[in-house]
Every structure is written in C-alpha cells, then in structure tokens.
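This report concerns only the one structure given below.
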Amino acid sequence: MSDTLDLAQELIRRRSVTPEDAGCQQLIAERLAPLGFEAHHLRFEDVDNLWLRRGSEGPVLAFAGHTDVVPTGPVEKWSSDPFQPQIRNGQLYGRGAADMKSSIAAFVIACEAFLKDHPDHKGSIALLITSDEEGPSVNGTVKVVEWLEARGEKITWALVGEPSSTERLGDVIKNGRRGSLSGVLRVRGQQGHVAYPHLADNPVHRALPALAELAAIQWDEGNEHFPPTSFQISNIHAGTGAENVIPGELEVMFNLRFSTEQTDEGIRTRVHAVLDAHGLDYELSWRLSGHPFLTAEGELVEAASAAIREVMGLDTELSTAGGTSDGRFIAPTGAQVVELGPLNASIHKIDEHVRIEDLDALSRIYTGILKRLLVE
C-alpha cells in the first residue's frame, strides 16, 4: 500500500461536510511539521483554514485545496459507508476521494519526496487549505488571500488540486475559469382572479418577452480560450399554487458564465436595459461569484505539462470549461494558477471514487512540478 493511499484514506475517514474540517487540517499540519513547514491555523466564523509555508523567500509555489466535501446524499444508495474508505476493483471509494482529498494527500507525499532530495530548494513551498470551498466560499480562500496580502506575502504559482482530468490522469488541466454572475429578479404585478384579468396585472405575462429576449442574446462569440458567454434561467416561481389566481409577483433566478470578452458591469447594464425597455416594475439583486481569469502559457503551465508528459506519457489539454474554483480568489493577486487533479467523472455522486494507480502517479506529477519550479 502506498503512502498516498494511506493518507487519502485517513482524510476520507474524517466527516468533513462543509463547513466542517473534522481534524483534516491538523493532520496535514502535523504531517508536514517535521519538514519545516510553519503552520497558521486561521478560523473565520465557522470555517477552518490552514496556511503552511516552508521558506521565507520567493518565488512561492502554493498548493490550494479544500478539506470540506459535499453531503453524501442517501447513504443507503452507496455501496459502502462513504466515510469508511473502501478499495474495490482498483478504485478507492469514499466521499472526497476525487474531490479532493486524494489531491491533498498526493501533494503532501510529493513534498516529502521532493524535500528528501532537495532540502535546500530555492523559494518557498506553501499549502492553502480551507473547509469552505463547497459552500458559500466567503470565509475560506478569499479570507486567507486577504490575510496574506495584509502580511505582504505573495503567491507566485498556485497549483489547485481540483479534479481536472476526464479520461486519463493529466489529460486536462484548467488554466482559467469563466466568471460567474447570478441574479434574482422580482417582477411586481397585481394579484387577481383569472376570470377578471382586466382587474389584475399578470407579472408572468409581462416578464416573459423580456426573459425571452435575454435568453436569445448572443453576448459574444468567446475567444481562443473561452466559449461564448452563457445566460441560463435556473428557477422561476410565481403564484399561490391555486389555478384560479393571477400571481402578484414573479421571481426569476438566473446565472451568466462569462468570458474575458465581458465585464460584470457591462452585463448588468445590458440586463437592466432590456428589463427597462419592457416597462417592468421590478427589483434585481446581483451576486458576483468570481471574475474570469486566464493563466497564459508560462512557467507553471509549462512545468505542469512537462511533469504530466514525464509521468503519464501524454500531452495535456488546456481548458477553461466547467464551473468556478477557489483559483478565482488567487488569480487577481497576479499569481499564475492552474488546476490539476484526478478524474472528475464521479465527483459529488453516489459512490465517488478515484483510481488507486492514479494516486501515486499524481504525487509524482506534483513532485515533478516542484522540481521544475524550485530546482531547475
């Protein structure tokens, strides 16, 4: 059994459903303390965060990850207890196996291997670990980044351990992410009887043309790194539940995933212009989850690509597809950011799992990145 597998199982046994850490960060800190990592345990409200650093000089290579996991769903539908890791058919099963306790284990073991051969490496190695990535993400990485900035500490390269691979380990790495902007629209009308529509004002009827116009907009054509901006309505609610009552208010929830071709300010302005043009009586609240970011090909992308080629014998694909990650909080500091981790096919699902053979391979890839950035 490998050290990476052992540590991954130890982490999975801890029931760290967001925002709980369940002792994972303490385990990581204790494991790395003998190697010279200085630990800062940072608690913001109900969220545990950990900043570990070895070295005081730049450049700084930081691994960013999260110990929290999503809820299991119906436990009876799992083939085994989601918090009792099981090995079956060459796979490690358990909540967090792919997202992303195996990545954390792989980087810890990579640090041990790297420092055994290169105790006098240049720069610094760091880990930024939070228990608030799967939840609101307001007291996790973003707060640690603010804390680092206040201390004058700067990350040069951020290696985010999110499960980026699709068919084979390392076949895809994320070198950017789209921005995410959500809106909650409330359109006011006047409630009334469906038989007397002239005595009421149906907000559904009023809003539908505007919503159709928003859904039909071609916001942009994307670019070589990003797909076109997407507008999606996720929820619509109106009425009392009775079939003979015209509703007095309509609530619509929507989201835009936008590329570097757009700004959140520009999107907001255009949405308001459409709603105003249709004469709606409305209020609209916004929530920006993150701006789009892109790490162009440079030291980090090159180091990751070369390490994958060395260990896996394949050329990786750069991608910005998918949802957001905590990389969105680190990129604005000027750091180069890539996401590299195991296969993502089972994340958040019943019977989440990861290939056992990929665990040590991922650790060797991480070791290769450390060597290329802090030795060569």
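Glycine too: its Cβ is placed from the backbone N, Cα and C atoms.
The Zn(2+) 1 binding site feature in Swiss-Prot is assigned to HIS66, ASP99, GLU162. Taken from Swiss-Prot, the feature active site covers ASP68, and the record attributes it to sequence analysis. The Zn(2+) 2 binding site annotation in Swiss-Prot covers ASP99, GLU134, HIS348 and is backed by sequence analysis. Annotated active site, proton acceptor per Swiss-Prot: GLU133, in sequence order, evidence recorded as sequence analysis.
Among the recorded positions HIS66, ASP68, ASP99, GLU133, GLU162, the ones whose Cα sits within 10 Å of the Cα of HIS348 (Zn(2+) 2 binding site) are ASP99. The record gives HIS66, ASP99, GLU162 for Zn(2+) 1. Within 8 Å of the mean position of their Cβ atoms, the other Cβ atoms in that chain belong to GLY65, MET100, SER103, GLU133, GLU134, VAL160, GLY161, PRO163, SER325, GLY341, ILE347. Counting neighbouring Cβ atoms within 10 Å of each of the binding-site residues (GLU134, GLU162), the lowest count belongs to GLU134.
Counting every protein chain shown, the Cβ of HIS66 (Zn(2+) 1 binding site) has 32 other Cβ atoms within 10 Å. In sequence order, the recorded positions near GLU134 (Zn(2+) 2 binding site) (Cα within 10 Å of its Cα) are HIS66, ASP68, drawn from HIS66, ASP68, GLU162. Here GLU133 (active site, proton acceptor) is positioned 11 angstrom away from ASP99 (Zn(2+) 1 binding site), judged by their C-alpha atoms. Within 10 Å of the C-beta atom of ASP99 (Zn(2+) 1 binding site) sit 26 other C-beta atoms, taking all shown protein chains into account. The separation of the residue listed as 'active site, proton acceptor' from ASP68 (active site), Cα to Cα, is 7 Å. Shown in sequence order, VAL69, VAL70, GLY96, MET100, ILE347 are the same-chain residues outside ASP99, GLU134, HIS348 whose Cβ sits within 8 Å of the Cβ centre of the Zn(2+) 2 site.
The Cβ neighbour count for GLU133 (active site, proton acceptor), using a 10 Å radius and every protein chain shown, is 27.
Here the Cα atom of HIS66 (Zn(2+) 1 binding site) is found 6 Å from that of GLU133 (active site, proton acceptor). A separation of roughly 11 Å, to the nearest angstrom, links the Cα atoms of GLU162 (Zn(2+) 1 binding site) and GLU133 (active site, proton acceptor). Within 10 Å of the C-beta of ASP68 (active site) we count 26 further C-beta atoms, all protein chains included.
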